[in-house]
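Take a look at the structure set out below.
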């Protein structure tokens, strides 16, 4: 008996040692950072510590666990690939990039906590990260407070431009607004709006409704379901009744699988009724099934099939590194772009200082896999080419329309008269 | 020996230990970086929830898997006040996106800080009282009560996510700037907020201590041991359960308010099922039925979570899992139970086997 107790106690001690080891490691970190802090307090360059060592630390902050991991891990992979490629070519300013990876765990306060840790403890030069609008909104105050730099790689609902964030995904006038115009011209006037119930679909649909009013469309229905909702039979019968010509789909995640499968089971094909999605890319097609989605439309700035020499190399390298069965998609490419754009801005600025990098990034151009992109100095968004694609039976997109040239980002839709009521408060 | 000392609050040793712990906490701004101090402040807020949960679960034997809701309600109260201050008379940004044109009536009182603090504690306490009234009086207990608290969590989170115009939806409420005119982000404000949290933690600890040591606390423990016997003696267990549940919820609300001040965001995901269960885990791992154990459990587990996820971002969940398994298998009474076990072992060596009956039910 007594042996058993000793066994327990010793095992607990082992466990405690593990915890303490972690803690002490951590305490060391803290002391070193505080000492460098104290040392460089007077100095103007806050990156003195990383400059000395011949390394530049960059943060990568995506959900590696939880519901968003399935999407965000691919973006992390693309960013890591970009960092490796840059290091192989000699790094930035002759220094190697050292990624510091943190897990946002699909939890918004964790994103804020880890962002704070990356900036104030690790003293990273910049952070690449985020996916959901909620995670961005949680990180935004931290980056503004500590004057950090965040590169956010996902298309989003616009109406935001933080001085400490670069948005490499599309804003609404580079995805949703041109898609609606194209649909009105080519597919029909009667729209049905379906979305998950959170800020992106709500805001997107608010914009679409204004646009329909201005451009002669007609709204026949609008429906929101909670994130993760999987029963669409009621909504599909409502759609049947409303007889829209176009279903504009802003559902996110698993709901897309349920919706498209049930739509197919209800006897709808892409010929009967057009659907256009803004959150369904190559990766989601793998999950939903190409046979279910074939013929349906999506709007993005990049497809794996986008025909540029840069994209050929990008797709080849990505598959070589992570496996033949992996696909590239718009946010993955936007994450890859972000690393290169930041590196180019640092080279131009000759420093990793946030304010200097921001200044240097203005009007910076780069040949991305999606074609030429340019940073708009005013909004810190990218000029991007809009593309509408049709899902093929092999799970890839065939581009059916593009904007011809990169579209200037307009997050507040100031260039659209009908949108004047949307951003009035801001 | 050590354990005996721990049990005796009157003992000079124990007082000295508490004093050292309190001084160490109050002096933390001197030896922790701003970031670590902010993290510790968050953990201390969690410790307040753990104290409240211990009161209801550890002492009264009622398992609530719904404390995330009470925590969240407190958090939202503070968030509403901060958001209104940050918006400076205009509509909060998410209301504009969602198409509201005027501030909803229930947001208006949150312009007042005093109202906010009262609401942050009283609304959760009142909700708990109402839930307790309908359950405890009808002698709904055990697993049925636990399931009801889970239902409360689902109802509340669905409501908060669905009513985006009024609550900020999935994004929650974030983007605060000032508290009493001071920038909420400045290190000075953060240090003050940390000290306030320490003070509240100590106050909550003393409150719980007084409660469990009083006659009230004895009745709670009696309810845990045999509810019917308590009833036959002439007490009405429902009243005691309701009060304990309500105090526990009020503490969770207080912790939620402090949490928002430190973290700067509240969203429905923080009042969901997972955080609610996590809260119970802190108490279970730390030591159910001992107040120090519960508070320490919250602080240690969250520290471990931060450290593991920083050191091994890809594999930290496995480490957390291993930690849970180790504690549950080898220390069924939590970390604080280690002292009991040591004492038990000593007594057995001295030939007093079985003399010390197990005082707390197994986890």
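Each Cβ is built from the backbone N, Cα and C atoms, and glycine gets one as well.
TrEMBL entries are annotated by machine, without manual review.
The feature transmembrane segment is assigned by TrEMBL to B:12-32, B:39-59, B:65-84, B:113-136, B:143-162, B:192-212, B:243-267, B:279-303, B:315-339.
Long-range contacts of the transmembrane segment (B:12-32) within its own chain (CB-CB distance under 8 A, at least 6 residues past either end) are made by residues 5-6, 40, 44, 191, 194-195, 198, 201-202. In summary, the transmembrane segment (B:143-162) does not lie against the transmembrane segment (B:279-303): fewer than three C-beta pairs, each 6 or more positions apart in sequence, are under 8 Å. Contact between the transmembrane segment (B:39-59) and the transmembrane segment (B:279-303) is supported: at least 3 Cβ pairs lie under 8 Å, counting only residues 6 or more apart in sequence. Counting Cβ pairs under 8 Å to the transmembrane segment (B:113-136), the top-ranked stretch among B:65-84, B:192-212, B:243-267, B:279-303, B:315-339 is B:243-267. Long-range Cβ contacts of the transmembrane segment (B:243-267) within its own chain (Cβ-Cβ under 8 Å, at least 6 residues beyond either end) map to 38, 41-42, 44-46, 48-49, 51-53, 55-56, 59-60, 62, 64, 67, 70-79, 82, 116-117, 120-129, 131-132, 136, 168, 170-174, 176, 179, 184-185, 190, 193-194, 196-197, 200, 204, 207-208, 211, 216, 220, 279. Note on the transmembrane segment (B:65-84): residues 49, 52-53, 92, 107, 110-113, 116-117, 119-121, 123-125, 127-128, 146, 148-150, 152-153, 156, 160, 167, 172-176, 179, 184, 248-250, 252-257, 259-261, 265-266, 268, 270-273, 275-277, 279-280 of its chain, located 6 or more positions outside it, place their CB under 8 angstroms from a CB of the stretch.
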